[in-house]
Every structure is written in C-alpha cells, then in structure tokens.
Amino acid sequence: EARRQRRLLLVVVCVALLLDNMLYMVIVPIIPDYIAAMRGGGGAAGPSAPTGGNESGGGGNRSLLPARYPPAAGGNEDVQIGVLFASKAMLQLLVNPLSGTLIDRVGYEAPLLAGLAVMFLSTATFAFAENYATLFAARSLQGLGSAFADTAGIALIADRYAEEPARSRALGTALACISFGSLAAPPFGGVLYEFAGKRVPFLVLACVCLLDGLLLLALAPPCATGARANMPVGTPIHRLMVDPYIAVVAGALATCNIPLAFLEPTIANWMKESMGASEWEVGLTWLPAFFPHVLGVYVTVRLAAAYPHLQWFYGALGMAIIGASSCLVPACRNFGQVIIPLCGICFGIALVDTALLPTLAFLVDVRHVSVYGSVYAIADISYSVAYALGPIVAGQIVHTMGFAQLNLGMGLANVLYAPVLLFLKNVCQMKPSHSERNILLEEGPKGLYDTIKMEERKG
C-alpha cells in the first residue's frame, strides 16, 4: 500500500510539473500575435469591435481581441514580451525562499495542493484575459503557484524515494514530464489557438490541474499532514546557500537553463524575420527536442546507476553540449536546421538536470538534515534567475547587439562553467552526517522517546 501511494504521489507531482511547464510555454507561439491583436494591430478589430462570436474563420477569436491600449511610441516588442515572460519567474524568485522554509515546517503535500490551486486560478485568468495587464497578473500568479507546487513536488519525490537508484529514476521521470510540458506546449497552444480560439488551450490545462488537485486531496488530505511535526527540523535555507557544493550546483542549473530562457521569448520573432516562419513552424520547432531530452534523462539515469561517482562529469559534458549548440543557432537558415541545435540544447540540459538534482538531495543527506524543501527551493531559485533575467536581458541584447551575439555569449558562458563542476568530483566519497533522522533510521532505539519516533517513522 505504501509503495502504491508513493507511485501515485509521483504521478501527481509529474502532472503538476507538466502543467506548470505547459502553461509557461504554451504562449510562446501565441504571444506576439496575441499582444499585437490587443493593440489593434495584426488584423485585430478596432476598439468598437465585439468580443464574442467567431468571424475570423480558422483563427477562432484571435482577430476579435479589442484594442485596450494604443501601441507604445517607439516601443520594442521584444522587451515587452520579455517582461511578460519574466514576470512569472520574478515572483517565483521572490517567493521561493519563503516557500522552501514553509515546506520544511509543514511538509510537502499541503504546499503542493496550495500551489495547484493557485495554478488553476492563474490558468483560468489566462483564458479570459483581454488586456496586457490581465496577462501580466495571470503570469505573475502562476509564479506564486509554481514556487509552492514545483518545490514541494520535487522535494516530495526526494523524500519518498530516499534510496538510490530509485531516487534518480523518480527525479528523471519528473524531468521527462517537465520536458514534455515545455516542448509539447508550443505546438499544442499554437494549433488550438489557430483552430479553436484563444481560450481553449488554457481551459484544457485548467481542467487537468483541477483533476490533479483532487487526486492529491484524496491521497494526502491536509488533515493528515500533522505527522510532519515528528520529522526533524530542516537546515535553514541561508545556511544551505553558503554551502560551496550546493552553490556550485545552483550555479550550473542557472547557467545551463539560460539558453532556453533567452531563446523562448526571442526565437519566434527571429524565425519570422529571418526565414518567414509561420506560427505552426515556430511551435513545431520545439517538439522534436523532446526526444533528445528524454534520451538524455534515460542515459544519465543508467550511467548514474552504473558509475555514480561521475555525476559531475555528466553535468560538465551537458554544459559543453549546450554551449556548442547555442553557438550554432544563428547559423541556421531554415526551419529544419533550427531543430538540430535546439535538440542539442535540450539534450545537454537533460544531462545537467538529471545528474545534479539528485546530487542536491545527496548533499543534504551527507552534510545537513534530510529535509528537502529548502534545497529544492534553491534549485528553483536557480531556474528562476535564468527565466527572470533571461527574457528581459535577451530582448535588450537582441535589440541592441543582435540575435547572433546573444547566442554566442550564452554558449561561451556554458563552456566556461563546465570545468567548475570538477569541484564536485569527490562528493560521492562523503559520509552521511549524524542527523536525527539518520540516527533513528540506522541505529536501534535507545530509549522510550527514540522508540516512539522510530515507530512513527516506520508508520
């Protein structure tokens, strides 16, 4: 029964991560035309146009969006789109230190449920947004939900799958769902937006989010999370941040995700301007990258099971692949060529994430207390740094220097950071710390108090 519940919770977490990343990426092929239509450009109706009906043929409601504000004088659309993309990660960056501490105090299930509830509200807001301010609010609200759902979900997996290689396999499964959500969302959103209207992609995601929350509520109702009071007190997040090994891992996670974070808001306009790509081509460009990402997860999990002492090498190799692939993007001249470097970037990210996320849990086990909310909040902060700064900085660089210089800089940053992972070479030789949890698990009970806590832990 415990094993089955553990698997069901893994399914809940994977669906939550899938939804979060689908909602994040579903607007990649949509948002340039969406914002232009709101301004009254791109074939949008004027301010007096009705907001209902379907007079745009296969385009659903896209040409009926009212012009809620005039075009900005001399505005740069890349920067404005970048701000919208970054709003989610900015709020997530601010909330993560608090969410990690709260998760360590109250457990993993209740914050995950709260995060799903906020994500549902955010998705519904996206569906009915009719101006830029509402889109910005929905995007920011998603960041609040992600700060709890993503961190609590990954920490829950690390806690329930405490032994290796099961932990690496479970985290690898979660990463595969993240990959599928990120890479399948653009074609999913582009096709439904083109043929069914602007609300349909978000309403579908909202329904799945609601079902996932109900399943979690059935598996782990909030009234049952009081057992968390019997768990050890986790290491404060500020102490984890100054741990040099955790800092190196966090830096690698941020650096390897910068290319993806910078390309998301800029590649759509670049493809349209340089090769005349359509919305479906922009969306479909990301879809093939799902397969090398899953391949990278699978390869890393298998290699980590056979050669666990080389986790640092898998991460360094992934960063080198990301760097080389980023430099190739500007050289592409058609839709088919763009797919190749994007596949390389996603394959490299899979190597880095799959190797280093279990390493974070291991570092907490051997150097701190085996409670994982704060350490995975640090990982989420690393992602949020890339996705908060990326869209805004990328838009400015493209506007002032060009798309090619942007990609060359990202590639160089990854190649230069790869040797830093040598610092993690001897991590696998560390011995576990004598935390309260380890003592209770590895040693026999020595008194009534320890006996009671051992029985609670087994239960």
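Any Cβ shown, glycine's included, is placed from N, Cα and C.
According to TrEMBL, the features are:
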{"type": "TRANSMEM", "residues": "7-31", "note": "transmembrane segment"}
{"type": "DOMAIN", "residues": "9-429", "note": "domain 'Major facilitator superfamily (MFS) profile'"}
{"type": "TRANSMEM", "residues": "110-129", "note": "transmembrane segment"}
{"type": "TRANSMEM", "residues": "170-188", "note": "transmembrane segment"}
{"type": "TRANSMEM", "residues": "200-224", "note": "transmembrane segment"}
{"type": "TRANSMEM", "residues": "245-263", "note": "transmembrane segment"}
{"type": "TRANSMEM", "residues": "283-305", "note": "transmembrane segment"}
{"type": "TRANSMEM", "residues": "312-332", "note": "transmembrane segment"}
{"type": "TRANSMEM", "residues": "338-363", "note": "transmembrane segment"}
{"type": "TRANSMEM", "residues": "375-398", "note": "transmembrane segment"}
{"type": "TRANSMEM", "residues": "404-424", "note": "transmembrane segment"}
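The largest share of C-beta pairs under 8 angstroms with the transmembrane segment (200-224) comes from 7-31, of the ranges 7-31, 170-188, 245-263, 375-398, 404-424. Taking pairs at least six residues apart, the transmembrane segment (7-31) and the transmembrane segment (170-188) share three or more Cβ pairs below 8 Å and count as touching. Beyond the ends of the transmembrane segment (312-332), by six or more residues, the same chain brings 252, 255-256, 259, 263, 267, 296, 300, 303-304, 338, 340-345, 347-352, 354-356, 403-404, 407-408, 410-415, 417-419, 421-425, 427 to within a C-beta distance below 8 angstroms of the stretch. Two recorded stretches are said to be in contact when at least 3 C-beta pairs lie under 8 angstroms, sequence spacing 6 or more; the transmembrane segment (404-424) and the transmembrane segment (245-263) meet this definition. In the predicted model, the domain 'Major facilitator superfamily (MFS) profile' (9-429) has a mean pLDDT of 80. Counting Cβ pairs under 8 Å to the transmembrane segment (375-398), the stretch among 110-129, 170-188, 245-263 with the most such contacts is 245-263. Sequence-remote contacts of a segment are chain residues at least 6 beyond its ends whose Cβ falls under 8 Å from one of its Cβ atoms, and for the transmembrane segment (245-263) they are 89, 182, 315, 318-319, 322, 325-326, 329, 342, 345-346, 348-349, 352-353, 356, 359-360, 363, 367, 375, 378-379, 381-383, 385-387, 389-391, 393-394, 406-407, 410-411, 413-414, 417, 420-421, 423-424, 427. Note on the transmembrane segment (110-129): residues 12-13, 16, 19-20, 23, 27, 99, 102-103, 135, 137-139, 141-142, 144-153, 156, 198-199, 202-203, 205-206, 209-210, 212-213, 216-217, 220, 222, 225, 373 of its chain, located 6 or more positions outside it, place their CB under 8 angstroms from a CB of the stretch.
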